[in-house]
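Colleague: Sequence annotations record features per position, and here TrEMBL assigns domain 'HpcH/HpaI aldolase/citrate lyase' to 9-215. The substrate binding site annotation in TrEMBL covers 70, 121. What TrEMBL lists as Mg(2+) binding site is 121, 147.
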Ligand SMILES: CC(C)(COP(=O)(O)OP(=O)(O)OC[C@H]1O[C@@H](n2cnc3c(N)ncnc32)[C@H](O)[C@@H]1OP(=O)(O)O)[C@@H](O)C(=O)NCCC(=O)NCCSC(=O)C[C@H](O)C(=O)O
Ligand SMILES: [Mg+2]
C-alpha cells in the first residue's frame, strides 16, 4: 500500500539499542514504528545501536508496520554516519530530528533516496512548518512535544494550552502540503485515562495518530484514531443518500436531519478508506 495512505494511528518509538524491545515490536498491534537512534539511545551506545538496528531490520518480521528510522541531527557527530547507515537499512523512511529549515532536509536528501519525515519540535521549525511541509521529499511530520516544551519553557498541562498554537500551526502546514502528521508522546505511560484524553484531543484536531513510548499505550491510540463503527455506518448512508439525490438531479441530500453535500461525501469516502486501510493492516 502507498506509504502516505497507510494508517498511522499508533507510532511507537523503540530504542534502536534495545534488542528485547526490537524483538517485542514484531508481535505488537502497531501501525508504524520509529526505530530511534537519537534521544532514546545513550551517547556511549550510539555507534553500536546502528548495527543492532540494522540487524533487526535485516532479520525482518515487522510485517506491514511502517518502519521509520530516526537518526541523530546532521550537525551532531553521529548524524551523517546514521543517515548513510539508515539508507542501507530495510526501512521505509528516515526521520530527522529538530528540523528548522529546508536546507537541513536538502542535506539529508543528498545522503539517501528514502522518503523523509521531520520532527517538529523547535520554535524556528514550527515557524517554518509550511516550507518544511512543502519540501518535495517530505512525507510526514512528527510533533516533538517534549523538546518543544523545553524550548518554550512551557508547563505540561492536561489541556495542552501552551502547545496549542504550535500543534495547530503544524497541522495547517501538514494539511496544506499533503503530509501525514502525528501528535507528540504522552510521557506518563501508566496513566491510561490521561492518554485517552490526549488521544481524543489529537484526533479531534485532525492528527493522523499519536507517537507512543510503551506498548501499553497502543490499544488506546488505535481505538482513538480509528473511525468508529457509527462513523463508518454514517459514511455509508451519506454516500448512498447523496448518490440517490444526484440521480434525482439534486446537489444536497439529508441524513439524520443534517445536510449532505459533495464535501461531506469526500469526508465520508476518506472515513471508509481509512477503515479499509486499517482492516488491510490486520489481515
Ligand atoms: C519507558 C521505558 C524505559 C520502560 O521500559 P521497561 O521498564 O522495560 O518497561 P516494561 O518492563 O513495562 O516493558 C514491558 C515489555 O515491553 C517492552 N517494551 C517496553 N518499551 C517498549 C517499546 N517502546 N517498544 C517495544 N517494546 C517495548 C519491554 O522490552 C518488555 O518486553 P518483554 O520483557 O519482552 O515483555 C521504555 O518503554 C522505553 O524505553 N520507551 C521508549 C522511550 C523512547 O523511545 N524515548 C524517546 C522517544 S520520545 C521523544 O524523544 C519524542 C520527541 O523527540 C520529543 O521531543 O517529544
Ligand atoms: Mg525530541
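Using the three backbone atoms N, Cα and C, a Cβ is placed for every residue, glycine included.
What TrEMBL says about a protein is an automatic prediction, not a curated fact.
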Colleague: Return the single residue from the binding-site residues list (70, 147) that has the minimum number of other CB atoms within 10 Å.
Modeller: 147
Colleague: Please report how many Å separate the Cα atom of residue 121 (substrate binding site) from that of residue 147 (Mg(2+) binding site), as a whole number.
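Modeller: Rounded to a whole number, the Cα-Cα distance is 6 Å.
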Colleague: Please report how many Å separate the Cα atom of residue 70 (substrate binding site) from that of residue 147 (Mg(2+) binding site), as a whole number.
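Modeller: Pair distance, Cα basis, whole Å: 15 Å.
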Colleague: Are any of the binding-site residues 70, 121, 147 near ligand 1, with a Cβ under 6 Å from it, and if so which?
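Modeller: Within range of ligand 1: 121, 147.
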Colleague: Just how many other Cβ atoms lie inside 10 Å of the Cβ on residue 121 (substrate binding site)?
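Modeller: That number is 24.
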